[in-house]
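Peer 1: The structure is given below, and queries will be raised subsequently.
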Amino acid sequence: MTELQNDRFLRALLKQPVDRTPIWMMRQAGRYLPEYRETRARAGDFLSLCKNADLACEVTLQPLERYPLDAAILFSDILTIPDAMGLGLYFETGEGPKFRQTIRSEQDFALLSRPKMDDELGYVMNAVSTIRRELNGRVPLIGFTGSPWTLATYMIEGGSSKDFRHSKAMLYSNPALMHALLDQLAEVIIDYLNAQIAAGAQAVQIFDSWGGALSHRAYTEFSLQYMTKIVAGLNREAEGRKVPVILFTKGGGQWLEAMAESGADALGLDWTTSLADARSRVGDKVALQGNMDPSVLYAKPEYIRQEVGQILQEYGQGSGHVFNLGHGIHQFVDPDHAKAFIEAVVELSPQYHTQR
Ligand SMILES: Cc1c2[nH]c(c1CCC(=O)O)Cc1[nH]c(c(CCC(=O)O)c1C)Cc1[nH]c(c(CCC(=O)O)c1C)Cc1[nH]c(c(C)c1CCC(=O)O)C2
């Protein structure tokens, strides 16, 4: 494998000294980029794009051609796993993801299959190895998965949800079934991330997008417990380097101390938590990733730059911060505003890394 030319993202996740704060954006390859929309149109639809390694690689690299980003993220989706377990994923234009089959009873659960990483999910591993080859050591590649709880909500609801009616009902009325589902998902996710690491992923992120919808006690029992199990099951070394793990519970600011005990190297933060506060609460245990409100990118470039300055100041001196948005970039953002954002981080952050 080619030598990595830019490792400040991997170093910051391990709190090793860096020359400036690294940056990438959640959903950095996506609809706000006209070139993404063009490639997706060529693929036909989103799922065909995910399943074509050359086109998935092409869109992964698109934001790197435009901006000085410090990491690439695999172009795929968290819903590849439930799809491969037999639920039949499809997207209806403007309506988000849907499943043909839902899991609401023991009978439904019994129908779930255990997907093979070199078969049903082989297309994801092909995308990872193709992207690694084309990146040619420019920046590290991030692999990812959804958390068991987040995937379970899609499998139980049959798609996106606002109130998690069926998932919450199962959690409180049939916790044994919920635990069986979460445990099976955790097992599949361990295989999935280990296969991504074997194919070339150099860091991995667990997206717990809906962990914040859980009650205080339920979060530990139904989400964090299973993410901790996953972290313990990962091969944490590849190509002679540690493979850092990032845990991102959206809306999880109140649980940072507990999350820091999960074994993860870094925690992702949304914009509702102060970085200064988060840093003092987790101490030296983990690095932090985040946390600008993605909607700030609707503002003028001067304002975006000011906001970046504030967030850098909140984290303060030293390594252990990966700049990011607090959630995915919105589809209506002007790509020039994303550019102003990334350049502000590049220009304003070196002063926070003077004691190397
Ligand atoms: C919950 C979730 C999903 N997918 C994902 C999450 C967790 C992150 C989060 O909390 O947002 C993760 C994801 N989805 C996608 C990526 C690609 C990598 C990246 O650039 O970050 C990643 C990391 C591509 C995508 N995944 C999807 C798109 C849009 C599809 C399109 O091109 O129309 C992309 C680029 C589709 C998708 N996929 C999902 C939804 C709800 C939707 C539709 C909503 C929407 O339209 O934004 C499920």
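Placed from the backbone N, Cα and C atoms, the Cβ positions cover glycine too.
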Peer 1: Per TrEMBL, which of HIS179, HIS321, HIS327 sits in the substrate site along with ARG27, GLN28, ALA29, GLY30, ARG31, ASP77, TYR154, SER209?
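Peer 2: Of the residues offered, the record points to HIS327.
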Peer 1: Among the recorded positions ARG27, ALA29, ASP77, TYR154, name every one whose Cβ is found under 6 angstroms from ligand 1, counting any of its atoms.
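Peer 2: Once distances to ligand 1 are taken from each Cβ, ARG27, ALA29, ASP77 fall under 6 Å.
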Peer 1: Which of ARG27, ARG31, HIS327 (the binding-site residues) has the most other Cβ atoms within 10 Å?
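Peer 2: Most Cβ neighbours within 10 Å: HIS327.
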Peer 1: Between HIS327 (substrate binding site) and ASP77 (site 'Transition state stabilizer'), what is the CA-CA distance rounded to a whole number of Å?
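Peer 2: If we compare the Cα positions of HIS327 (substrate binding site) and ASP77 (site 'Transition state stabilizer'), the gap is 15 Å.
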Peer 1: Including all protein chains shown, what's the count of other C-beta atoms within 10 A of the C-beta of ASP77 (site 'Transition state stabilizer')?
Peer 2: 18
Peer 1: Expressed to the nearest Å, what is the distance separating TYR154 (substrate binding site) and ASP77 (site 'Transition state stabilizer') at their Cα atoms?
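Peer 2: The separation of the Cα atoms works out to 13 Å.
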Peer 1: Rank the binding-site residues ALA29, TYR154 by how many other Cβ atoms lie within 10 Å of each Cβ and give me the one with the fewest.
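Peer 2: Fewest other Cβ atoms within 10 Å, among the binding-site residues ALA29, TYR154, is found for ALA29.
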Peer 1: I'd like the per-state residue tally for the domain 'Uroporphyrinogen decarboxylase (URO-D)' (22-31) from DSSP, helix first, then strand, then coil.
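Peer 2: For the domain 'Uroporphyrinogen decarboxylase (URO-D)' (22-31), the helix, strand and coil counts are 0 helix, 1 strand, 9 coil.
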